Amino acid sequence: MGNKNSNIPVKVFISYMILVSLVASVGWILYTENVDYSKIENKIAFEKNKVLKVSQLFSNVYKTENLARKTIQSNSEKEYKNYILETDSLQMRIGSLKKTLSSEYQKKLLDSVMILLTEKTQNIKQLRAIKNKTSDEASVNEAIQELTELEFSLSKLKLQDFTKNPENLSSYQRNVLQNYIDYLNQNIPDDNSNTLTKKETDSILSASKRLLSKVKLETEKKKESLSIQESKLLTNELLISDQLRKVLRVIEQEILTSSIKNNNEKEKSLKKINQIVTYAAILGLLLTIVFSILIASDFSKTQSYKKQLEIANFKTQNLLKSREQLISTVSHDLKTPLSTIVGYTELLGNSTLTSKQFYFTNNIKNSSEYISRLVQDLLDFSQIEAGKINLEKNPFSLAETIKEVARNIQSVYPQKDIDLQIAIDKKLHQPIIGDAFRLKQVLINIIGNAYKFTAEGYIKITATANSHENKAYITIEDSGIGIEEESQDLVFEEFAQANENIEKNYGGTGLGLAISKKIITLLGGELYLKNSSKNGSCFEIILTTTFDENTEIEQAVANIYIPSLQNKTIIVVDDDPDLLQLTTEVLKQYYKVIAFHDATKALENINSQHFDIIITDIQMPVKDGFEFIEELLKNENNYNNQPVIAVTGRADLNDETYTNAGFTTVLKKPFTPNILLQTIDAVLNKTILPIQDNEVQKSKKPEELFALDSLKLFLKNDEEAIKTVLQSFMTSTNSNLIILENSIETLDHEKIKQTAHKMAPMFKQIEATEIATILNKLELEEFNENELAIHLSNLKSQIAVLFTALEKENY
């Protein structure tokens, strides 16, 4: 099933890779086709440009022909110059077009056009010359007319007298006319006297006319010849123009043919691109469908496997929960009679017994302790597995903790010849922040194992500090039986032993190291087997350390807070008579105290009482602390913003909840007299005066049921006051047990919580932690009928043992 699940991402990856490859391939093909298409587009644009240039050439040719006709018809010099300029411009355009052509044939055709244009220009020049010659006849006629007019005058003549434009005459005509004029001028008499006779003059003029007529005749003949030549030149001009247009049409046709070819290639390229896109889309769609079917099939299987796993996980969770409930139930069921057995065994041990009875009692005690440890291991393991273990962060001395555990375990094995060596870094004598109880639990397991598996030799405990890494290293080395190499990986497994003879020879459940490993991990550290051989084992604990600079664990002198003004009046409201009496005993040494058992009575009497501060419990049956402060704030008669301190054992509310409700501050249970007095002084803004005193350190050991250090501190070691408070506590506890039992029978969960909350503070005050833990559970959690019965039975048994122990201490 796992392999099939892992195939899904592989198939998805492959499908994506194939689709990406397809897209990349199609993209590359389209890119190449686009490049070709762009080239074709450029060719088409280029050919269009050539067609445009050829069209312009046609236009220029027609324009040149028009100018040629005008030049021939008008025989004007200006028109002729315009024609020459246009022809030169046309030749330049032909040269520009020639540079854009790649076909040699087209270039040759353009060369022929250039030749034709040159011929055309020469032809125009010749036609123009012929035109000039045809104008000679008019000049001769004009000369004859002038001779006629000169019959009456014999003055000297000039060439201009016979023609207006002598420069237009041919050289032959000009020579003939000039010879004639010279002749005339030679025969003209002087102005003063005309010696020619009339006969002579007529003879001269007649001769002149005959000469000019002869010239006219020759000119007409020549004109006919020029007309024939002009006709030939005009025909040639037409042929040249026609040939020029034909050549340009051939060039234009070739360019158009090339453009059509390029357009066809463009259409083919577009069609090819469309086909590629179409085929790619179809192929992509088919691949998508195929891979979608494959992935959907795998996904369907995965969902099926997921449902199976969820069912299996649900069954596993139920099994784990059932195991946890079983362990918890069995453990509690065992702990209740065990506590009774241990309690009465201790009572029997303190009575007068025969040696045989003492032997039996001692065996009962040892067996009970073994079962208790087993039950505690099962409970710890169950809590750790369920994630229900809570860690504390309090200052403690790591050095003293190591020494205490080592020496306590050493005292259990006085018969063994073992040298206990302890070497602790001086830095570790400074307090660190952590959970001392859980660390003790780990050290008891490892050092206990070292003693258990070492018959003789040594146990060496070394603790060093690395201030740069903020770590502490604790090694426990022994010269015991060691652990075989193949079994070293199993030492931290649950219910595992190094070999099958361990349980037979040394006992144990195989949970100690597993629990220790998990606890150290929760503490943010590491625990591992450093080395092991036939000559012993070495375990190392690595802890992350946070040093507390402000706390000194061992103090010969402590500060007790004493109010500077002792005439203040304090109202105390608490429904628990024991705590009310205890708080009253502490406060009445310095203040006037007015005590109330419930909030309603306190509110009724506040108007008639003068007070400076109020201390009230939060959880009370009729009216709780929040309701009390709400009504108090509305009382305008006697409440003038005096401080109100909330006292509570609840951990689910933060301080802002209380201050927002109107309380000045909050005091968490359990508390010491110092904390109580300090809090009062703080809210009254009084000076805290340090005095010399030997504050008693808590001396409760893990195996003890209670510790009265805090209570003695409260009551300044006043034995009578302590006895009174404890007797009142036992009386009220018996009454509360009856109420709790009745509430459990009726399954009144609210009453159960209220009663448990009412009972818990005093047990916390005397550090009866097991009983306080049960009461906290009853206060904060809801249980079914069977679980409540178990808790009640356990609670009654624990309280019975506690009260027996208190009576033994004459309380």
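Here the Cβ of each residue, glycine as well, is placed from N, Cα and C on the backbone.
TrEMBL: automatically predicted annotations, no manual curation.
According to TrEMBL, the transmembrane segment annotation covers 12-31, 276-296. Per TrEMBL, coiled coil is recorded for 117-160. The domain 'Histidine kinase' annotation in TrEMBL covers 329-547. Here TrEMBL flags 569-684 as domain 'Response regulatory'. The 4-aspartylphosphate annotation in TrEMBL covers Asp617. If you look up TrEMBL, you'll see 718-811 marked as domain 'HPt'. The phosphohistidine feature in TrEMBL is assigned to His757.
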### Message
Over the span of the coiled coil (117-160), how high is the average pLDDT in this prediction?
### Response
63
### All-chain count of other Cβ atoms within 10 Å of His757 (phosphohistidine)
25
### Task
Work out how many Å separate Asp617 (4-aspartylphosphate) and the residue listed as 'phosphohistidine' at their Cα atoms, rounded off.
11
### Query
Counting across all protein chains shown, how many other Cβ atoms sit within 10 Å of the Cβ of Asp617 (4-aspartylphosphate)?
26
### Message
Should anything in the same chain at least six residues away from the transmembrane segment (12-31) have a Cβ under 8 Å from its Cβ atoms, list it; otherwise answer none.
### Response
273, 276-277, 280, 283-284, 287-288, 291, 294-295
### Summary
Summed over the domain 'Response regulatory' (569-684), the DSSP helix, strand and coil counts are 48 helix, 24 strand, 44 coil
### Message
Looking only at the domain 'HPt' (718-811), how are its residues distributed among DSSP helix, strand and coil?
### Response
81 helix, 0 strand, 13 coil
